[in-house]
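Before any comments, here is the structure.
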């Protein structure tokens with residue numbers, strides 16, 4: 001009795017102690033609690049010698065089932081509920097019994113239950129991926145529909161079993177397959193499953209966004225709007241769903257949203273329509289291409305304007321404060337209207353580069369005359385050139401993004417599924433790839449990064465296997481530049497500003513400095529700020545690399561895990577810590593006069609344990 005969902009069927013048939021999955025459409029929290037209570041109430045079978053074959057199948061009593069079949073029981077014979085033994089074995093994930101029944105002549109696609117479902121349908125409803133794989137290997141047809149008109153992939157979508165969705169599509173089932181009503185899996189997901197998944201997951205397989213169903217002629221976006229599924233609407237708009245297609249009633253998605261009076265969806269659709277309309281203008285397209293450059297120019301001008309206001313020849317700090325507030329208000333309008341949301345993450349990067357630009361200009365115009373003959377001159381020039389070089393290398397170098405073709409993704413999914421490894425530890429549901437050791441999916445870059453350290457706020461790029469060593473030098477030379485500017489600022493202030501610190505104290509001294517050169521004090525504050533965070537990050541990175549052999553992500557993850565463990569977890573005792581010299585040699589890939597040799601590991605394609613010849617250690621993922 002499948003009823004409206006598998007939960008009622010499970011209760012009515014009392015099919016033994018298997019954990020129930022989601023109810024129909026994945027919205028069944030209350031029913032799951034009832035099933036859990038019912039399962040706890042099931043009596044344990046102490047004497048299996050007298051139980052019938054249905055109950056023996058439900059409980060996975062292989063010897064009793066084998067005894068009854070060899071005694072003449074027909075494995076094709078359904079019970080009084082029109083459910084076959086293969087159905088009961090499939091829903092309870094009894095792999096050995098399924099193999100046995102098929103070897104004895106069971107029909108792998110036998111229909112049964114109130115909804116005329118196959119054993120494959122039952123296994124999918126409960127999310128039993130190993131059972132799905134086994135049935136498909138024995139010839140189960142995933143294109144068959146049940147009594148509700150759903151095929152295998154539709155059921156997997158409705159019950160939100162992403163590994164099964166990935167496996168079915170990788171085995172060749174079309175992501176655009178329609179049910180009896182002409183609805184694709186994407187339509188069902190957008191309409192029936194409230195939330196970002198599995199809509200976002202399906203979109204990674206490039207489904208048709210603008211196909212319409214048979215009855216209502218709705219697109220997936222129509223269905224998402226009809227259900228008020230804000231997350232699905234957002235995903236579909238991001239993927240490029242059409243806003244102009246009309247359904248059988250002549251309604252666009254916006255018309256439906258206006259009828260439903262869903263203000264958030266109305267705002268989303270109108271905003272998207274406005275953005276797409278702007279794409280038709282050549283000037284708008286040019287502005288989009290130049291967003292990063294314009295953001296950098298805005299930052300440079302804003303920082304100059306702040307310094308100019310502070311250095312303005314006026315004793316009224318109230319006037320200067322009002323001018324600063326006005327400046328911040330005006331500059332905040334530019335990113336809001338002309339810079340896309342994705343490029344706003346580069347605002348700290350623009351701030352850093354603008355700071356360095358005005359630091360250099362201040363040194364060249366104000367500090368150079370006093371320090372031209374000192375070693376400071378060459379050191380500063382070298383430091384700022386090196387900083388710009390390593391910033392560029394950190395920004396431009398591939399940090400270790402893992403890439404795979406469509407065919408490689410499908411082969412990986414099938415391989416992982418059939419080896420029992422298709423889970424979140426080894427498979428990235430965003431990139432649809434097998435995750436290398438020490439990798440992590442960056443949600444800003446939307447890609448898995450090999451030997452992931454962090455997504456750097458100041459460079460706007462991920463730090464990983466490919467650019468981590470450049471990042472270290474970037475921090476080092478930024479600290480050098482700021483350190484020299486701090487030194488130069490004090491030299492300039494001491495030689496150009498008359499102060500009476502010994503006579504009048506600190507407060508008077510500060511007032512004299514502010515009155516003497518607000519611009520230099522402003523640059524000094526910027527340099528001190530950048531020196532503080534860059535030096536802290538540099539020391540932290542060197543400690544992690546040399547003494548722990550860990551990345552920032554690994555260190556934070558281990559510290560979080562340690563809080564939930566009874567015994568304190570030592571960060572030094574990890575498989576990656578090979579000692580001070582070996583850690584540095586491996587990280588920078590350089591030896592030390594033959595005393596230490598680096599171990600070359602390509603972390604973009606390292607999926608298994610690594611044997612390290614230097615220390616005879618086995619490296620594992622943390």
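Any Cβ shown, glycine's included, is placed from N, Cα and C.
What Swiss-Prot says about this protein:
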| type | residues | note |
| --- | --- | --- |
| REPEAT | 81-110 | repeat 'ANK 2' |
| REPEAT | 115-144 | repeat 'ANK 3' |
| REPEAT | 148-177 | repeat 'ANK 4' |
| REPEAT | 216-245 | repeat 'ANK 6' |
| TRANSMEM | 292-312 | transmembrane segment |
| TRANSMEM | 321-341 | transmembrane segment |
| TRANSMEM | 348-368 | transmembrane segment |
| TRANSMEM | 371-391 | transmembrane segment |
| TRANSMEM | 471-491 | transmembrane segment |
| TRANSMEM | 519-539 | transmembrane segment |
Intrachain neighbours beyond the transmembrane segment (348-368), with Cβ under 8 angstroms and 6 or more residues off its ends: 292, 295-296, 298-300, 302-304, 307, 377, 380, 384, 387-388, 391, 457-460, 478, 481-482, 484-485, 488-489, 491-492, 519-520, 523, 526-527, 530
Quick tally over 371-391, 471-491, 519-539 of CB pairs under 8 Å to the transmembrane segment (292-312) gives the top stretch as 519-539
Are there residues at least six beyond either end of the repeat 'ANK 3' (115-144) with Cβ under 8 Å to its Cβ atoms? List them, or say none. 2, 6, 18, 20-22, 84, 86-87, 89-91, 93, 95, 98-99, 102, 108-109, 150-153, 155-156, 159, 161, 163-164, 167-168, 171, 173, 177, 417-418, 420, 422
What does the DSSP secondary structure composition of the repeat 'ANK 2' (81-110) look like, as residue counts for helix, strand and coil? 16 helix, 0 strand, 14 coil
Could you count the residues of the repeat 'ANK 3' (115-144) that DSSP puts in helix, in strand and in coil? 16 helix, 1 strand, 13 coil
How does the repeat 'ANK 4' (148-177) divide up by DSSP, counting helix, then strand, then coil residues? 16 helix, 0 strand, 14 coil
